[in-house]
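These come from TrEMBL:
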DOMAIN    B:3-181  domain 'Electron transfer flavoprotein alpha/beta-subunit N-terminal'
BINDING   B:Arg201, B:227-228, B:241-245, B:258-265, B:Asn279  FAD binding site
Amino acid sequence: MKVLVPVKRVVDFNVKVRVKSDGTGVELANVKMSMNPFDEIAVEEALRLKEAGKATEVVVVSIGPAQASETIRTGLAMGADRGILVKAEGNVEPLAVAKILKAVADAEKPGLIILGKQAIDDDSNQTGQMLAALLGWSQATFASKLEVEGSDFKVTREVDGGLQTVKLKGPAIVTTDLRLNEPRYASLPNIMKAKKKPIDDKNASDYGIDLTPHLEVLKTAEPPGRKGGVKVKDVAELVSKLKTEAGVL
Amino acid sequence: MTTLLIAEHDNASIKDATNKTLTAAAALGADVHVLVAGENAKAAADAAAKLAGVKKVLLADNAAYAHDLAEPLAALIVSLAPGYDAFVAPATSRFKNVMPRVAALLDVMQVSEIIKVVSPDTFERPIYAGNAIQTVKSKDAKKVITVRTSTFAAAGEGGSAPIENAAAAADPGLSSFLGEEVAKSDRPELTSAKIIVSGGRAMQSRENFAKYIEPLADKLGAGVGASRAAVDAGYAPNDWQVGQTGKVVAPELYVAIGISGAIQHLAGMKDSKVIVAINKDEDAPIFQVADYGLVADLYQAVPELTDALGKLGK
């Protein structure tokens, strides 16, 4: 079974983003970029399936600017076998990403596609579910455990009330939650080896998919600020303030 | 122009998230119908019919909708699509799972987790863990929207809408339910609790959560939350996680205990009305958003606080 893992290049999770003063977006110049953390978990899970003999090949695919090849290299350095870069400039919405991924999946015919549950830049939490819809496949979002059962899958999902376990008919889409695994760090020899692994270069136009956004971004603004309050000296003062000043007790 | 609100419910009753989503749905300006999809969900449909402003309730009562499986529920919503211009649901795990599937089947872009309806086609939504707010205009003829319920007031009762049965759509049969582990608790749910007490990595163990956090929460009649660090370390179950990728809450009072205040955690609670932080590190970022900060060892301060509240008659 081949496993396809889409990965996204995003602003590193440690960076506190700044909104541009003209309201056209957030400042991306000279900001550290990394693989979306949930996608790292997805790559790790695919690699574990391969190491357990359940998967034969792990292919990472990224849709974005030319620099997204660095994100693919990160996946290859972790241990993925090869990469596919689909170049697309500007704001590519989850629906368009899902359409491109469908075309990639049609060509690659994976038995499983593992995606991060959401990208930490636009926080949309859509691509995996949309891809499942377009392919007509089963889906399990927010996975904290994934088991292969022949060509089917048993997935434990993190839901609002606790955990839910479902069985998916393969081929299937799984999106990762935080507790699925802890991604490995790429070792230096593997980083060197990754430089020789193949990355297939494509363009979004190769797939004939319209990338025109459906959502027009009118502006991007700072959220209303929240000022820090006061420090209290002890529990007695805290209780007194909550009771008389804040009125919440 | 009609809006279909897909209800969050437990078959017996409507969840508070539905009342809050109704406020957002009504702001679109069109009539609102409510879809209750479940198994033996008549009581939930009756409750939905009483919500103020609801014009009609559709009840899809079928075993296929018993377990929140995305594929049959998406198929049902899409089968109803010709009659509606907008599909609105709370951004709970059930609808985060199903609504993008609906959107793709309708070939539209979902607008995720809106915090404000600016006009029927324009919405505000947070990006980058709430560090920026985007205003987006949807150009799609049919809108698919999920709502961040913490920012909308709950709609009340006062309606008496008719209930119609909706035919089940063909089940694609792609997935099946095997089981669930749902925590049974008498405490309020996080997303509707008026008060939340949350613990972080500094709690050090599951036992300490039970010994320090839970008695304080119970004294306050509060829900219990946790930071990602505490959940990852196994000190608290996943459904307690508050933050960018967990639950987003906005209670009257949020008490953060032993939580440093990573931006991902702040994203989930900074809209709380009053924030209290107890942490022994006076430089912890949580103090930058806290209305009342107490620099103290939580193992002394929390029992003291629980006692003091007891003396207040809490």
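Cβ from N, Cα, C; glycine included.
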Exercise for the section: For the binding-site residues B:Ile259, B:Ala262, work out the Cβ neighbour count at 10 Å and name the residue with the minimum. Expected result: B:Ala262
Practice task
Give the helix, strand or coil assignment DSSP yields for B:Gln241 (FAD binding site).
Solution key: strand
Practice task
Using a 10 angstroms cut-off on Cβ to Cβ distances, just flag whichever of B:Arg201, B:His265 is the loneliest among these binding-site residues.
Solution key: B:Arg201
Problem - Fewest Cβ neighbours within 10 Å, where candidates are the binding-site residues B:Gln241, B:Gln244 - result: B:Gln244
Fill in the blank from the handout: Students should find that the binding-site residues B:Arg201, B:Gln244, B:Ile259, B:Ala262, B:His265 with a Cβ under 8 Å from chain A are B:Gln244
Exercise for the section: Check B:Arg201 (FAD binding site) against DSSP and tell me helix, strand or coil, would you? Expected result: helix
Handout entry: Predicted model, mean pLDDT over the domain 'Electron transfer flavoprotein alpha/beta-subunit N-terminal' (B:3-181)
Key = 97
Handout entry: Collapsed DSSP category at B:Ala262 (FAD binding site)
Key = coil
